[in-house]
Amino acid sequence: MENLVLQALSGLASASSLFLVASGLTVIFGVSRVVNFAHGSLYMLGAYLAWTLVTSLPRGHLGFWGGVLGAAVLVGLIGLVVEVLLLRRIYRAPELFQLLATFGVVLIVQDLALLTWGAQDLLGPRAPGLRGSTEILGLRFPLYELFLIGVGPVVLGLLWLLFHRTRWGTLVRAATQDREMVGALGVNQRMLFTSVFFLGSLLAGLGGALQLPRESVNLHMDLSIITEAFVVVVVGGLGSLSGAALAALLIGELHAFGILIVPKITLVLVFLVMAIVLVVRPHGLLGKPEAAARGGQGSAEPLVGPAPAALRWAALAAALLAVAVPPFLGDYGISVLTEMAIFVLFAASLHLIMGPGGMASFGHAAYFGLGAYGAALAAQWLGAPMLAGLAIAPVMAGIFGLVFGFFCVRLSGVYSAMLTLAFAQIAWSVAFQWVEVTGGDNGILGVWPDAWAAPKLVYYYLALGLCLGATLLLRRVIHAPFGYALRAQRDSSLRAEAIGIDAFRIRWLGFGLAAAAAGVAGGLFAYGKGSVFPTYMGIPRSVDALLMVLLGGVQTLSGPIVGALAFTGLQEQLVRLTDLWRLVLGCVIVALVLFFPQGLAGAARARWEASRGDA
Amino acid sequence: MLQVTGLSAHYGRAHILDGVALEVAAGEVVVLLGRNGAGKSTTMKAIMGLVPPSGGQVCFAGAEIAGWEPFEIARLGLGYVPEERRIFTGLTVMENLEVGRRPAGPGQRAWTPERLFELFPSLGAMRDRPGGRMSGGEQQMLTIARTLMGNPRLVLLDEPSEGLAPVIIERMARAIGRLKAEGLAILLSEQNLHFAQAVSDRATIIEKGRIRWSGTIPELMGAEAVREQYLSV
């Protein structure tokens, strides 16, 4: 009994910290509609800056608390600079493009933090006056945790007052609903957005700074907190402050008791809850359906037509090169090209969902990984030959794509994307924690091709043939009646239904098809590497796929292909050339977002059309 | 006070406004008449900067405002009441008014919530009610009141009678009469000719994005052929 109370209390302390970060994220999203991936980086910077300030200021109350608050304000200012320099320019871009930009910031901050503070974990001092512990029901409980439990409600109360008792707060709430109307009433939205960003960033910084006495400061804080914060924000309902508080409480306690009750599935529990909440309540616990976004939606997407002759010739030349050159390359070059071919298919499969389908997926790696695991498990447990394994891969990925997609395609926008992430994380943690079958973190080794395909060159041609074939097939699908229906429901679900298109079924099948195609890529990847690991389904790989599609451009069919080649090539080269590849890649992404908002292929097409004078 | 000349606008490649010209003098009520899709709302949005004009001039209070941002135009004293009302449904009546509040210009008598509740008595009884829980007529009154809180010198009023019960329309006409008496200039857009002639001084008819006819209300009432050609359904 006493133990349970203590467990509940420490759950409350986590909930408090989580709320600080999530509240900033939800406030920023509410007003600017920016899904700010860099919010976790601001949290991490808060922790690092607090460490620097607290350790360099004189010891004592003033040094510690001054350092914590100083770090929060500094992070607020950093957020403000990011908003003014980057986000302000892309408010009219599609949501996913903003996500891409903020992901660029994540990469930049990671390397800057590494340069500034080094790779080792940093231990901060404990909070003066809160070092010891107190007795609750005869058991000892740290004072600092008790203090944190108080911080959450106090911040919630202050925010409530700010939003309901000040003119600024009223304007922010109005802008959350209809920012264009607020502008037409004479409010300078730019100032409003910038100030909201300052506040949200400050909260993230405060959340990070307050972690100093609890845990060591390290370079993984950003991504670990951002997924949890996203979960909290989505479960609570995007833009809802009280929803975020409720969800933080739920997730905090879930962590605390999950460990006691079912230690096996701790990693998956949070995402399981998110999936259930979203299936039952498509807009989160306290969220409202998004009003049809007013303004800022940009122009209609250009029509997708068959490739112009010049592009066909370029594609043919590229294909010929891909066939003719490899015999003259070494093993390393061949394996890089094999990976490129696989990622082209992977990106093309995601593009089917995002471009013609009009849905977003943050968890596309799940189907890549499921394909890989399908092949590997068949090889390990059934002794299946390679071709059977490669056939099982898309079946496995496709079936799960249909199962997961059944729920995901019912939702819209960010909610749908977050549900795909939840399913991907569930798949990942099953692979990670079901050690008896999947080998857990050690993965499954020895998934080698059959003897005839063992030479790298032969395997390359096999992969090239399958990936090219599948990519062309996806392209064909987009030009088929099914593709028209897919695009029709994207542009107007209601009108599509009115002319007899079953929008749900079309989306669902599209999702399953994309999953199966990703499964082909995953199966080929497994045999190419000779092993599978849970990381194949991890968030980073899903982000890679997003980057490829967005880099290339969502609105062109050649976009994912160009994007996959550019991204794989760039990353490969950068990792070889410099330790600071994240910094360089982040800067490249930010520059692309600012200067090529249609992606590489989109920009190329715009130039091409302009040069022919039919823009 | 407001002179629009040669105003054009596009949605994508479609030409929506083609050389629209109109004028509103101080203290005058001008109605923009036309059928559905004629370009009335787009004219108002283009004046307000909500739809970027692709050509032409918009001169308000001595400033050339085409290309300005909406908030800058609003701060110059141009108020906008959208057709869809666009009440902040999560905010109370008082909070909705607060969002619209801006200081009065020199020589202007500032609007306060109390004065607005005199104009629209039913709003005064529901100060703390969320905008989402009001009837269409009440929302229409609130959206006008919200814009008036900005102490505009000219208001763009987009189809205020749309979808309202006849008795509410009558009340709306009385309110507009009082606003005119206060010296406020109004550019109204309407399909309801009966309502329009009751409140306006002059009329301008728009069809397919072009101005087809301009004149006083008595002239319009005398010109049956014009009404037949552009306004009858």
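Every residue, even glycine, has its Cβ placed from backbone N, Cα and C.
In TrEMBL this protein carries:
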type     : residues  : note
TRANSMEM : A:6-29    : transmembrane segment
TRANSMEM : A:41-58   : transmembrane segment
TRANSMEM : A:64-87   : transmembrane segment
TRANSMEM : A:99-119  : transmembrane segment
TRANSMEM : A:191-210 : transmembrane segment
TRANSMEM : A:230-250 : transmembrane segment
TRANSMEM : A:257-280 : transmembrane segment
TRANSMEM : A:310-329 : transmembrane segment
TRANSMEM : A:387-407 : transmembrane segment
TRANSMEM : A:458-478 : transmembrane segment
TRANSMEM : A:547-568 : transmembrane segment
TRANSMEM : A:580-600 : transmembrane segment
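By the Cβ criterion (distance under 8 Å, sequence gap of 6 or more), the transmembrane segment (A:580-600) is counted as touching the transmembrane segment (A:99-119), at least 3 such pairs being found. By number of Cβ pairs under 8 Å, the transmembrane segment (A:6-29) is matched best by A:230-250 from the list A:99-119, A:191-210, A:230-250, A:387-407. Put simply, of A:64-87, A:99-119, A:230-250, A:387-407, the stretch with the most CB pairs closer than 8 A to the transmembrane segment (A:191-210) is A:64-87. For the transmembrane segment (A:64-87), same-chain residues at least 6 beyond its ends with a Cβ under 8 Å from one of its own Cβ atoms are 32, 34, 38, 42, 45-47, 49-50, 52-54, 57, 98, 101-102, 105, 125, 127-128, 193-194, 197-206, 208-210, 212, 590, 593-594.
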